[in-house]
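Asks: Below is a structure I'd like to ask you about.
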Amino acid sequence: MTQPEALQTPVYRTASGRVYNFSAGPAVLPEPVLLEVKEELPVYRNLGTSILEISHRSPEYAEIDASAKALLRKLLGLGEEWHVLFLQGGASLQFHQVPLNFLPKDGSADYLITGAWAQKAYKEAKFLGNARVAASSEDRNFSYIPDPSTWELDPKAAYLHFTSNNTIYGTQFQTEPEAEVPLVCDASSDFLSRRITPERYGLIYAGAQKNVGPAGVTVVLIRDDFLQRRNQPLPTMLDYGTHAGKLFNTPPVFAVYIVEKVLRWLEGLGGLPAIEAINDRKAALLYERIDRTDFYRGTAEPGARSKMNVTFRLPTEELEQRFVAEAKQAGLIGLKGHRSVGGLRASIYNACPIEAVEALVSFMDYFEQRYG
Ligand SMILES: *Cc1c(COP(=O)(O)O)cnc(C)c1O
């Protein structure tokens, strides 16, 4: 060999030829779900038409709605005291709807500010009433979760709001907050990724497009005794009571139909204990690669690292841009960090297979060898 062999850019594809997708949201869906949708889209069962073209009061859609709700209850271990709602408006509307319903005129609510979404939730609450900052990690650019010993909790607060996983900054509560008051959780980017303790919560909400389905539906879980405390009267559509236990108006049928399939897929894997173990392995693989050399640098403090959104930087912005571009060429998409923080972000939600993380680690090795 007279010339040194140039490093070949690797190419990665799933068995079916799809690229590996690390998008933060809308995000990758389980492939078996997509294939099932494709198969039954034009003609659902014996209807002679699709599920999208019939009444949401039809027995066929009622079955999908009931199945999705039953699966959520089963996966999370929710008893009869929980309401399961499929709403619209995204997690962002929940930022407003939660305080509209639960922030009393003569009371207050506590907020843990651990990122941009938490800040937005707090802003909407302040717009309506007395919202307090119980703790914030803004002083170090949201790279950590404030230690519970520093939280200034009000035992009379109507609720304590927190964001279990900070999608943009790549941090995650490693354990669920402990408080005397009911927790309200924005779980949009780690919903159903691990087990939770439902008893601590009054309300949990999650936009589906990160970890449970396509965009267009927001899953809201409300414990009945918490629901009963809501302010009255409220505009009909924004009153959670309107949607508890019934379909008040047309739900986002296509999104719920896909969510139901994702939930069945998750149950088939073995539910939350099984997916939690898989998610632990994926995150460990990736953080181990980041930590192996100084070329890659994780941006979240080690004790707060997210198992869903892994954020990291390279020595220069130019290298980061090159990484994103070459990774895309190689079949690894969606790795650009959020526009507000830059760098790289690999979102490795439930539907992201371990092979995707293995491919990314292999690409990171290649890239460092070439440019490090
Ligand atoms: C994506 C995201 C949101 C915003 O969700 P929308 O459905 O776009 O309103 C809110 N909170 C968290 C934690 C998120 O990851």
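Even glycines carry a Cβ here, placed using N, Cα and C.
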Asks: With Ala91, Ser92, Trp117, Thr167, Asp186, Asn249, Thr250 listed by TrEMBL as binding pyridoxal 5'-phosphate, identify the candidate in Gln209, Gln228, Gln321 belonging to that site.
Replies: Gln209
Asks: For Thr167 (pyridoxal 5'-phosphate binding site), what is the secondary structure state per DSSP, taken as helix, strand or coil?
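Replies: Its secondary structure by DSSP: coil.
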Asks: List, in sequence order, those binding-site residues among Ala91, Trp117, Thr167, Asp186, Gln209, Thr250 whose Cα sits within 10 Å of the Cα of Arg57 (L-glutamate binding site).
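Replies: Final answer, ordered: Thr250.
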Asks: Rounded to a whole angstrom, what is the C-alpha distance between Asp186 (pyridoxal 5'-phosphate binding site) and Lys210 (N6-(pyridoxal phosphate)lysine)?
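Replies: Computed Cα spacing between Asp186 (pyridoxal 5'-phosphate binding site) and Lys210 (N6-(pyridoxal phosphate)lysine) is 12 Å.
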Asks: May I ask which residues of the same chain, at least 6 positions away in sequence, place their Cβ under 8 angstroms from the Cβ of Trp117 (pyridoxal 5'-phosphate binding site)?
Replies: Ala91, Thr163, Asn166, Thr167, Ile168, Asp186, Ser188
Asks: Thr167, Gln209, Thr250: which of these binding-site residues has the sparsest Cβ neighbourhood within 10 Å?
Replies: Thr250
